[in-house]
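Enquirer: Can you read through this structure? Questions will come right after.
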Amino acid sequence: MNYEILAENARFFTISAAILTLAFAFYFYKWMRKQDEGNETMKEIASHVRSGAIAYLKQQYKVIAFFFAGAFIIFAILSYALKVQNPFIPIGFLTGGFFSTLSGFLGMKTATYASARTANAASKSLNEGLTIAFRSGAVMGLTVVGLALFDISLWFIVLNVWLDNSLFGTDFLNLAATGIAKGTAEYTAAKMHFVTTTMLSFGVGASFQALFARVGGGIFTKAADVGADLVGKVEAGIPEDDPRNPAVIADNVGDNVGDVAGMGADLYESYAGSILAAMSLGSAAFGYINPNVSPIYAVSLPMILAAIGTLSSIIGVFFVKTKEGATMGELLKSLRVGVYVSSAIIIVVSFLLVKALLPNNLGLFVSIIVGLIAGNVVGFFTEYYTAAEYRPTQWVAEQSKTGPATVIIGGLAVGMQSTLIPVVTVVISIMLAFGFAGGFGSEASSFSQGLYGIALASVGMLSTLGITLATDAYGPIADNAGGNAEMSGLPESVRERTDALDSLGNTTAATGKGFAICSAALTAMALIAAYIEEIKTSLGRMINSGNLTSIDIGTVQYTANSAKELYDKVVYSLGMNEFMNAFNIHLMNPKVLIGIFIGAMLVFFFCALTMKAVGRAAAGVVEEVRRQFREIKGLLAGEKGVKADYEKAVQICTKSAQKEMIVPSVLAIIVPVVVGFLFGVPAVIGMLVGGLTAGFAMAVMMSNAGGAWDNAKKYIEAGNLGGKKIIDEKTGEKITNPNHAAAVIGDTVGDPFKDTSGPSINILIKLMSLISVVFAGAIVAFSPKIQALLGIADQIIK
């Protein structure tokens, strides 16, 4: 079989798979809309949540549009006026942001329509409720992977057609000067290098959108949650999801904008970033460095793998079902069956793909499986440290006997302890993926092949994202369904079913966060390696534009007899070790150390800004809830016909989130650029490494500590340690259990940990890498001049 034909047509297979995936997402959406939404009260509550969520997103999109316009102008100047960037970057930036935004909006819209239908279906059977909630979550999962794959495939087709036909007389490969003929192996290698490094930059649009969605959505949801809990539960003593609470609708809105749209944007970025990084590194590892293998094979592998993953996810969705009266373990098993079916398909197909496309590199199959396993391992241990069924969370709950202070101390301790297994898992995964891909070999291409293996591990981990994201998006749908059932006054039997679905959703949300963090770490690792390829491409652009025969790279001056010879030497023949030596990248270089310190600091400073933002926004909600309890007569007493002003709390959360998300978001965008201009490539690489290592551990700690606090509270509410109410020995009346009150405070502290700051770090570490990639050309062109003015420029070693 001519596998080159398979590789050449991979773009058409992947775009067809993307369209089919989107068709199934639409099918699941239409199927969900046909289900009965319930009584008028249920419809009214769902309508309040839906209108609030859409109003928030519209306001958020206005802010994002302003930043996108500004960034587009900057990229256009760098690309078309200064010519230090690829000319396709400004357009690719917009498409990446657009498709990420669209996937979040469609997923959130689906979730707001699904909650009431899930609650109503739960009045019939547990399986019907699970099916509606999960298939609605699948709309989010399949939309994310479908649109991301469509964007990547479309650009791959456009760029290949553009270069093959030299549209508009363009010669981006500089064929006239180099003398490379179309149709040759040398042309294919040059084309793949240009296409993959160009597309690598497109992920920054998705990253921009993800940052605003995660930070803004996280601030909104936790401001509403904290405000509702502090006044409703702690001060007024009313239950969760009580319709008397003015912030209860805002809390439900927050679940959708933060946990559906925000998580979707986060994983869209990881998914697209992992594929693009793998394509770029594959082109480098099997291009001019390894002339025995056409780079089209290595470039096509991650695209085909991702396409097969989307199709396997569709199959897995149909395997999710349960029985009436199922236990938590049985419900969890029901969801996992779908994931396991999808994973099994990926294991078989990935082996066949590697054997067909890169038969001399079968170790790459192991690299893919390593990523697939690592995601599940981290997800399992996230569940262990955060689920009420396991000892760590139960231990945190027991700390409530001595008050809220010890609950907070205990949660922090569990969160810090929980970093061990994820870090060890990622470390082992990196070593195995690198080693089995041939990274420890003695060939010139060995190191690059190892990095390609790490990138494939991240693609393998995210290959079943369509169904793993469905299990995550299911959580807030089930949570909203439970809230709807409570506020609608549905029978206790229905509440028991929605509570079971909600508890399952809490578990899937926790494991989903662990999966997102792990995938972000591997994706960021691959992007750091891809950044180096972008630096080499930027140097090549300078050589071609200036027809140079000599260029300074760090401390080394490279010379050649012609611009073509110099271009080949710098872009294609410069190995990783030689690159590092030229730029003087080692731990004793002060610029590298400066970057490491700044990267680590940025993680903590970013978390501080988002935590304080939640505190300020929550204060406004607290005051509003107190005001309504004070001024609306009969509200707290639950008098008939008296309703809270839900819209006011939603407006406060919306305005606060839009205002508060700007500073941390701008900081994350600007710092990598400033570091690059002032201290050059060594400092940027140091910053990316520092941000990745500190950010990964910090994200795990914050997410798991928050999850442990949350489920410690639920553990007590389930009747343990006295439950929510105890009998006063003096009066004989039921009073609030101080253990529960202490756990509620711990949960309130944990809310911004697990739903705002922790998840936002995922975006931060990926965004820093992608911003560095996009500004690589400008940094290579202008940083040496700025450093020369400051007197800190590297000197050429004679």
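Backbone N, Cα and C define each Cβ position, glycine as well.
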Enquirer: In TrEMBL, which of the ranges 88-108, 571-591, 613-633, 634-654 has the transmembrane segment annotation?
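Expert: Here TrEMBL associates transmembrane segment with the stretch 88-108.
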Enquirer: Going by DSSP, give the three-state secondary structure for A509 (site 'Determinant of potassium dependence').
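Expert: Looking at the DSSP assignment, A509 (site 'Determinant of potassium dependence') belongs to a helix.
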Enquirer: Could you give the residue numbers and ranges of same-chain residues that sit at least 6 residues beyond the transmembrane segment (88-108) on either side and whose C-beta is under 8 angstroms from one of its C-beta atoms?
Expert: 25, 29, 53, 57, 61, 64, 68, 71-72, 75-76, 78-80, 139-140, 143-144, 147-148, 150-151, 155, 159, 198-199, 201-210, 213, 256-257, 260-262, 264-265, 268-269, 272, 473, 774
Enquirer: Does the transmembrane segment (365-385) reach the transmembrane segment (450-470) with at least 3 CB pairs under 8 A, where each pair is 6 or more residues apart?
Expert: yes
Enquirer: State the residues, same chain only, that lie 6 or more residues beyond the ends of the transmembrane segment (271-289) and have a CB under 8 A from a CB inside it; answer 'none' if no residue qualifies.
Expert: 96, 144-145, 148-149, 151-152, 189, 192-193, 195-197, 199-200, 202-203, 206-207, 295, 297-299, 301-303, 306, 358, 444-445, 448-449, 451-452, 455-456, 458-459, 461-462, 465, 519, 522-523, 526-527, 529-530, 533-534, 568, 571-573, 575, 766, 769-770
Enquirer: Compare 63-82, 450-470, 763-782 by their Cβ pairs under 8 Å to the transmembrane segment (139-163) and return the stretch that comes out on top.
Expert: 450-470
Enquirer: Just to confirm: which same-chain residues, 6+ apart in sequence, have a Cβ under 8 Å from the Cβ of A509 (site 'Determinant of potassium dependence')?
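Expert: Residues satisfying the criterion: D259, D472, G475, P476.
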Enquirer: What stretch, picked from 12-29, 339-358, 405-438, 763-782, has the most CB pairs under 8 A with the transmembrane segment (592-611)?
Expert: 763-782
